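Peer 1: Annotations per TrEMBL:
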type	residues	note
SIGNAL	1-24	signal peptide
DOMAIN	32-235	domain 'Neurotransmitter-gated ion-channel ligand-binding'
TRANSMEM	236-258	transmembrane segment
DOMAIN	243-444	domain 'Neurotransmitter-gated ion-channel transmembrane'
TRANSMEM	270-289	transmembrane segment
TRANSMEM	301-320	transmembrane segment
REGION	355-381	region 'Disordered'
TRANSMEM	429-449	transmembrane segment
Amino acid sequence: MGLRSHHLSLGLLLLFLLPAECLGAEGRLALKLFRDLFANYTSALRPVADTDQTLNVTLEVTLSQIIDMDERNQVLTLYLWIRQEWTDAYLRWDPNAYGGLDAIRIPSSLVWRPDIVLYNKADAQPPGSASTNVVLRHDGAVRWDAPAITRSSCRVDVAAFPFDAQHCGLTFGSWTHGGHQLDVRPRGAAASLADFVENVEWRVLGMPARRRVLTYGCCSEPYPDVTFTLLLRRRAAAYVCNLLLPCVLISLLAPLAFHLPADSGEKVSLGVTVLLALTVFQLLLAESMPPAESVPLIGKYYMATMTMVTFSTALTILIMNLHYGGPSARPVPAWARALLLGHLARGLCVRERGEPCGQSRPPELSPSPQSPEGGAGPPAGPCHEPRCLCRQEALLHHVATIANTFHSHRAAQRCHEDWKRLARVMDRFFLGIFFSMALVMSLLVLVQAL
């Protein structure tokens with residue numbers, strides 16, 4: 001800044017000392033006008049004829065580019081074109097006296113400039129003015145166009161991430177002049193978006209302007225300001241493809257653990273694998289999200305899906321316990337046999353091989369051990385007759401013992417088959433329940449993208 005001011009002062013000195021003969025006719029008129037205007041002019045005082053008069057400044061903002069939106073630090077970086085217009089009472093001339101010259105362009109440091117700054121600035125650098133030229137018209141109207149890269153604070157609400165919309169305000173106002181000395185007003189109802197360069201992550205919905213007059217605790221006079229509110233909506237396509245769709249597919253895969261045969265040995269492994277995959281995606285999401293009180297929508301979906309997978313894995317373990325009950329298991333209770341193996345099995349079409357759908361096997365009662373007729377045991381004492389009746393009774397007793405053993409084994413096997421069938425019924429039931437839950441949750445999240 002010091003070197004630039006030195007060069008500018010040197011240029012002005014040369015301009016004052018430059019002989020008029022070295023310039024053309026138009027250049028000589030411009031030089032004469034410049035010397036006449038700035039002979040007794042000072043840029044340190046507010047350019048009004050009456051000190052009690054309010055100087056009106058018109059502010060116009062053109063949004064050129066969104067450089068960065070730092071959600072973690074809640075800082076918005078923009079590239080703006082800022083135009084300020086006001087009337088300088090000491091910079092007026094008659095165009096006829098200067099060959100019809102009605103406008104000149106001079107360095108902005110030569111004239112008085114309003115100290116309009118960005119109130120919600122989030123930059124450590126002190127506010128500075130761009131060293132661009134101003135356009136000075138014969139009636140005293142001054143137009144100052146200057147580019148600016150602004151870093152402003154913006155409260156980012158990620159509750160609906162990645163389908164969120166943000167409202168970021170940029171408040172401009174005078175830093176030292178009150179409303180009785182300088183009044184700032186916007187030109188038009190909104191900032192211009194004619195030269196805006198499209199952003200890959202954010203879609204700009206508009207940038208309306210609003211003028212406010214506030215009274216601060218430090219000062220008694222009012223201070224007007226102009227707030228441009230940038231309306232943004234996130235482009236969610238990349239987040240849907242990279243974060244949401246994998247979670248949706250994994251959540252639809254998790255209920256299929258109920259469809260795996262229990263003898264495969266992979267039912268619990270599938271649930272644990274799905275839970276680990278969801279945990280990895282949850283960690284990736286947490287790294288890109290700023291710390292906030294509200295949980296993002298996609299974070300809620302991840303937690304709901306992880307909870308569902310956890311419950312499905314726990315139920316899978318209980319169902320496998322029913323399946324592998326073993327011969328020592330007690331018979332299926334009567335209410336479970338009637339409700340689950342009867343009505344629910346027919347509704348879910350769980351049947352044995354060769355059994356038509358909609359019909360269930362009638363419950364069989366476990367046969368009670370039978371004893372040989374008469375209850376008499378083998379005759380005591382030897383018998384030497386080959387066709388003696390006692391030998392036939394002994395044979396019948398052994399046959400009855402073998403039959404009772406077979407019936408007991410058959411009853412235990414039938415009890416084990418009943419528990420296996422009950423496990424299949426529970427698998428089919430929870431498959432429908434959890435698959436419906438995963439589908440409904442996924443549709444509720446994906447419908448936000450439409």
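Positions of Cβ are set from backbone N, Cα and C atoms, glycine also.
Walk me through the surroundings of each of these features.
Peer 2: Tertiary neighbourhood of the transmembrane segment (236-258): same-chain residues 161-163, 201, 267-268, 270-271, 274, 277-278, 281, 284-285, 298, 301-302, 305, 308-309, 312-313, 315-316, 319, 427-428, 430-431, 434-435, 438-439, 441-442, 445-446, 449, selected by CB-CB distance under 8 Å and a gap of 6+ residues from either end.
Through the fold, the transmembrane segment (301-320) approaches residues 244, 247, 250-251, 254-255, 257-258, 262, 267-268, 271-272, 274-275, 278-279, 281-282, 285, 295, 423, 426-427, 430, 434, 437-438, 441, 445 of its own chain, all at least 6 residues removed from its boundaries and within a Cβ separation under 8 Å.
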Peer 1: Six or more residues beyond either end and a Cβ under 8 Å away: which residues meet both conditions relative to the transmembrane segment (270-289)?
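Peer 2: Distal contacts: 71, 158, 161, 243, 246-247, 250-251, 253-254, 256-257, 260, 296, 298-299, 302-303, 305-306, 309-310, 312-313, 316.
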Peer 1: Counting only residues 6+ away from its ends, which parts of the chain sit with a Cβ under 8 Å from the transmembrane segment (429-449)?
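Peer 2: Non-local partners: 160, 163, 236, 240, 244, 248, 251-252, 254-256, 258-259, 297-298, 301, 304-305, 308, 311-312, 315, 319, 344, 348.
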